[in-house]
Amino acid sequence: MDPRKVSELRAFVKMCRQDPSVLHTEEMRFLREWVESMGGKVPPATHKAKSEENTKEEKRDKTTEDNIKTEEPSSEESDLEIDNEGVIEADTDAPQEMGDENAEITEAMMDEANEKKGAAIDALNDGELQKAIDLFTDAIKLNPRLAILYAKRASVFVKLQKPNAAIRDCDRAIEINPDSAQPYKWRGKAHRLLGHWEEAARDLALACKLDYDEDASAMLREVQPRAQKIAEHRRKYERKREEREIKERIERVKKAREEHEKAQREEEARRQSGSQFGSFPGGFPGGMPGNFPGGMPGMGGAMPGMAGMPGLNEILSDPEVLAAMQDPEVMVAFQDVAQNPSNMSKYQNNPKVMNLISKLSAKFGGHS
């Protein structure tokens, strides 16, 4: 398994231990069902932790969208302009009461909750929004497992322009009944107030799919173009980034190949130099002119006409030649003569130099 995936899984498990409410989101429903099917038990979510997680998620979404708008400002792909008319500042009120989902509910409590619900709807129709909130909260505390109560209270929070509170209620309603259209509708409207265009479009589209609503459809038509613009911008940005990464990868491969080929050429040059000059210190600069005693015809300059020359192995097999080649004084004199044969007269009285020249002349002369 990919080590990165294992690391991500380990981090996810750690997060779940710290905040079990992560497992109670709709996205994690499949994981809860699997854990329970294996005989495990998913710990109950704390509403405080859940609310904090929702707030963090909203901040992450907003940060992601802001990053898309601000990253690489010099690039054409960062030029994203969105009409944010109607977007408001996020509410920061303390999380609302959600009731005890593990409480034992009696029929009397359910009846009383229905009465509170009816009174809340009447208050809502009369424009008494805060009173409606209070009555819906009373109903929720009496029957905390009824999804419609959270959805109704969320609708009032939207009217009060408290989108984060509305989102918390909708999240809870969806956990209880993910097939109800109302929570998606009001959560979509709350996201629209926050400028979360993609989230708003997803929720409103799902609400219309579950139970078509003209009001939700009208808002979907408003937010969808902006959501599509953001999605297209993201795809364009990711495509540019992928192209840039591919280009950089190609450049790295090209550079590595060039360095490898350069190293091969240098190695080949060293190998050829070694085979040409063997162990001769300093080589034979300027070639070996044909003015050695005994004659070395055709060997001026770059040493043409070498078909009759003895091999270096044969020359170096002579111990006296090899010893002379290791003598710095002899090699300096030899190179001096090789570059300018007329300088040989300077070494007429040097037996070591003349001995080497005589031996080489004899060897080359014998193979001419």
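Each residue's number is its place along the chain shown, starting with 1.
Even glycines carry a Cβ here, placed using N, Cα and C.
Feature list (source: Swiss-Prot):
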| type | residues | note |
| --- | --- | --- |
| REGION | 38-81 | region 'Disordered' |
| COMPBIAS | 49-72 | compositional bias 'Basic and acidic residues' |
| REPEAT | 113-146 | repeat 'TPR 1' |
| REPEAT | 147-180 | repeat 'TPR 2' |
| REPEAT | 181-214 | repeat 'TPR 3' |
| COMPBIAS | 256-271 | compositional bias 'Basic and acidic residues' |
| REGION | 256-299 | region 'Disordered' |
| DOMAIN | 318-357 | domain 'STI1' |
| MOD_RES | Ser345 | phosphoserine |
| MOD_RES | Lys352 | N6-acetyllysine |
| MOD_RES | Lys359 | N6-acetyllysine |
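Positions of Swiss-Prot features highlighted on the structure.
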| residue | record | DSSP (3 states) |
| --- | --- | --- |
| Ser345 | phosphoserine | helix |
| Lys352 | N6-acetyllysine | helix |
| Lys359 | N6-acetyllysine | helix |
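Same-chain residues at least 6 positions away in sequence with a Cβ under 8 Å from that of Lys352 (N6-acetyllysine) are, in sequence order, Ala324, Asp327, Glu329, Val330. With the fewest other C-beta atoms within 10 Å around its C-beta, Ser345 stands out among the modified residues Ser345, Lys359. Rounded to a whole number, the C-alpha distance linking Lys359 (N6-acetyllysine) with Ser345 (phosphoserine) is 17 angstrom. Mapped onto DSSP classes, the repeat 'TPR 2' (147-180) shows 27 helix, 0 strand, 7 coil. Residues in the repeat 'TPR 1' (113-146) partition by DSSP class (helix H, G, I; strand E, B; coil) as 27 helix, 0 strand, 7 coil.
Along the domain 'STI1' (318-357), the predicted structure has mean pLDDT 81.
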